[in-house]
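Novice: The structure under discussion is supplied below as structure tokens; questions concerning it will follow.
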Amino acid sequence: METTVRKQKKNLEMKKPSIYSLQLHEMQDWLKEQGEPKFRAGQIFDWLYKKRVKNYEDMSNLSKGLRDKLSNSFDITTLNTLVKQTSSDGTIKFLFQLYDGYSIETVLMRHEYGNSICVTTQVGCRIGCTFCASTLGGLKRNLEAGEIVAQVVEVQRALDETEERVSSLVVMGIGEPFDNYDNLMGFLRIINHEKGLHIGARHMTVSTSGIIPKIYKFAEEDLQINFAISLHAPNSELRSKLMPINRAYKLPDLMEAIKYYVNRTGRRITFEYGLFGGENDQVEHAEELAALLKGVKCHVNLIPVNYVPERDYVRTPREQIFLFEKTLKDRGVNVTIRREQGHDIDAACGQLRAKERKEETR
């Protein structure tokens, strides 16, 4: 059963940088420029990420002079919640308004092991996957690091009401994370830091459609973050049909980058494989996929796709999903079927935002 809470849009105007975009060392540098001791950075982070205050006046252990400097330099407002949809399984989807009127989606998913959040990195997407609602309308702009951080802060504030916490996160919302690489990395470091929300690196997952140069760069980062590839096809011809990015970053080159990442980090990689009825879900596709992944330290996550009205793809029948899984397992592939959540709300990535855009143009 769906429960929806809808609020009015606000006139938001952010002329100053978001304070949520600053890493701890950047806050320390700013304080030094202001003639303030750098230990104040830890106090400020405590107010932002532990107490989660909404204004500078509540930072009672800071001098009024420092609070004024912060107010004059950084915006502390986060996001305006436009829509909050709650599913019968506890999944909550948020539609947040940004300062310039654009909207983004964030999803809270409840598991036996804790609460997971799926965050967005861009307003729209330029990748053009033919099955995805996120790319409808194209890319509007990148999110700043602080706008990605603010999604987690806002969801955590909602969980504070029931004394729960965000225990893990996936960067699989609207947009291509590696298309906004610097802001992505700033976000991850803020969220991971012990003075931030302190979500462990191994409890975070970043997914990419396959921007190869950034895969090599990501392999050199010092964060032990889980890594996933949106694959969705076992060969170049089919992948190019489903994901036009494959024409720029071809599958053989992508597999080489993935092998480099696995060898460089020693970490297992996850391949996301959405199943589209009659397109990529036959036994021969599973056999071809097993051959493609042979020798790669990996896990395959099979995704029964959500129906998107603007797209032509249909869901693979349940029996066919199990057959596809069995075919992979019989060939030694580590595979699971992703548990569906939020099926009774607009839980497919980009659906709620697309619906909101339609209502605005009526």
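Every residue gets a Cβ built from N, Cα and C, even glycine.
Predicted, not measured: the structure shown is a model, and the values here were computed from it.
Residues or ranges marked as active site, proton acceptor by Swiss-Prot on the basis of sequence analysis: Glu105. The active site, S-methylcysteine intermediate feature in Swiss-Prot is assigned to Cys349. Residues annotated as [4Fe-4S] cluster binding site in Swiss-Prot: Cys125, Cys129, Cys132. According to Swiss-Prot, the S-adenosyl-L-methionine binding site annotation covers Gly175, Glu176, Ser207, Ser230, Leu231, His232, Asn306, on the basis of sequence analysis. If you look up Swiss-Prot, you'll see Cys118-Cys349 marked as disulfide bond, on the strength of sequence analysis. According to Swiss-Prot, the domain 'Radical SAM core' annotation covers 111-344, on the basis of sequence analysis.
Could you place these features in context, so I can see how deep they sit and what lies close by?
Specialist: In three-state terms derived from DSSP, Glu105 (active site, proton acceptor) belongs to an extended strand segment.
The Cβ of Cys125 ([4Fe-4S] cluster binding site) has 26 other Cβ atoms within 10 Å, all protein chains considered.
Under DSSP, Leu231 (S-adenosyl-L-methionine binding site) is assigned to coil, being neither helix nor strand in the three-state scheme.
According to its DSSP assignment, Cys118 (disulfide bond) is in a strand.
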Novice: I'm trying to understand the geometry here, so how far is the Cα atom of Ser207 (S-adenosyl-L-methionine binding site) from the Cα atom of Cys129 ([4Fe-4S] cluster binding site), in Å to the nearest whole number?
Specialist: 14
Novice: Quick check for you: of the binding-site residues Cys125, Cys129, Gly175, Ser230, His232, Asn306, which have their Cα within 10 Å of the Cα of Cys118 (disulfide bond)?
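Specialist: Taking Cys125, Cys129, Gly175, Ser230, His232, Asn306 one by one, none has a Cα falling within 10 Å of Cys118 (disulfide bond).
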Novice: Between Gly175 (S-adenosyl-L-methionine binding site) and Cys125 ([4Fe-4S] cluster binding site), find the distance joining the two CA atoms and give it rounded to the nearest Å.
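Specialist: With distance taken Cα to Cα, Cys125 ([4Fe-4S] cluster binding site) is 5 Å from Gly175 (S-adenosyl-L-methionine binding site).
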Novice: Excluding near sequence neighbours, so keeping only residues 6 or more apart in the same chain, what lies with its CB under 8 A of Cys129 ([4Fe-4S] cluster binding site)?
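Specialist: The answer is Thr135, Ser209, Ser230, His232, Leu242, Met243, Pro244, Ile245.
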Novice: Measure from the Cα of Asn306 (S-adenosyl-L-methionine binding site) to the Cα of every one of the recorded positions Glu105, Cys125, Cys132, then give the nearest.
Specialist: Cys132
Novice: Go through Cys118, Cys132, Leu231, our recorded positions, and report the one whose Cβ sees the most other Cβ atoms within 10 Å.
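Specialist: Comparing the recorded positions Cys118, Cys132, Leu231, the most crowded Cβ belongs to Leu231.
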